[in-house]
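What Swiss-Prot annotates here:
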TRANSMEM  21-41  transmembrane segment
DOMAIN    88-181  domain 'Rieske'
BINDING   CYS121, HIS123, CYS145, HIS148  [2Fe-2S] cluster binding site
DISULFID  CYS126-CYS147  disulfide bond
Amino acid sequence: MAEAEHTASTPGGESSRRDFLIYGTTAVGAVGVALAVWPFIDFMNPAADTLALASTEVDVSAIAEGQAITVTWRGKPVFVRHRTQKEIVVARAVDPASLRDPQTDEARVQQAQWLVMVGVCTHLGCIPLGQKAGDPKGDFDGWFCPCHGSHYDSAGRIRKGPAPLNLPVPPYAFTDDTTVLIG
């Protein structure tokens, strides 16, 4: 009797049952590994509450000239002030060379009448006063830090006291005439 030869594929070039099982098992194994690894990869994404804090949209249409509001961005207070023409003129008249942290008013604002900055004193992290009508505004008609006596002008620049830097300006953009996107 002649011995039959066993080949890996049939004469028409079709895959054999063995090849089908190998490919099928490999595919199922790859899907299983992907499903097992997915929770670990997904864990590295930021949480939904963190993403929600990434940016804040502020409607500034209700803020009267000379008034200010405080919003929260990334867990910090952000001061948004609708400055008067007098505040703008006084802030722009200051020689930057006379400041501890030299910065022009124009470099701190995108639109002259709107000042947006993080309301945390750069000395030890207190929240300066000056947002409300009855708050002390310091010697330069801006903000006053009650913790150690730092005085900021109407552009948020340090003018007197122990704070080393100006109040920081967060990244922001006007999406239209009355809406500011912070962050």
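First residue shown is number 1, and so on along the chain.
Each residue, glycine too, has its Cβ placed from N, Cα and C.
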### Query
What is the total of other Cβ atoms whose distance to the Cβ of HIS148 ([2Fe-2S] cluster binding site) is within 10 Å?
12
### Query
If one measures from the C-alpha of CYS147 (disulfide bond) to the C-alpha of CYS121 ([2Fe-2S] cluster binding site), what distance in angstrom results, rounded to a whole number?
9
### Summary
If you tally other C-beta atoms within 10 angstroms for each of the recorded positions CYS145, CYS147, the top scorer is CYS145
### Query
Least buried of the recorded positions CYS121, CYS126, going by other Cβ atoms within 10 Å?
CYS126
### Query
So what pLDDT does the domain 'Rieske' (88-181) average out to?
90
### Query
Residues near the [2Fe-2S] cluster site, CYS121, HIS123, CYS145, HIS148 excluded, by Cβ within 8 Å of the Cβ center?
THR122, LEU124, GLY125, CYS126, PRO128, CYS147, GLY149, SER150, GLY161, PRO162, ALA163
### Task
Measure from the Cβ of HIS123 ([2Fe-2S] cluster binding site) and count the other Cβ atoms within 10 Å, all protein chains considered.
18
### Summary
Whole-number Å distance separating the Cα atoms of CYS126 (disulfide bond) and HIS148 ([2Fe-2S] cluster binding site) is 9
### Task
Please list, for the domain 'Rieske' (88-181), how many residues fall into helix, strand and coil according to DSSP.
13 helix, 25 strand, 56 coil
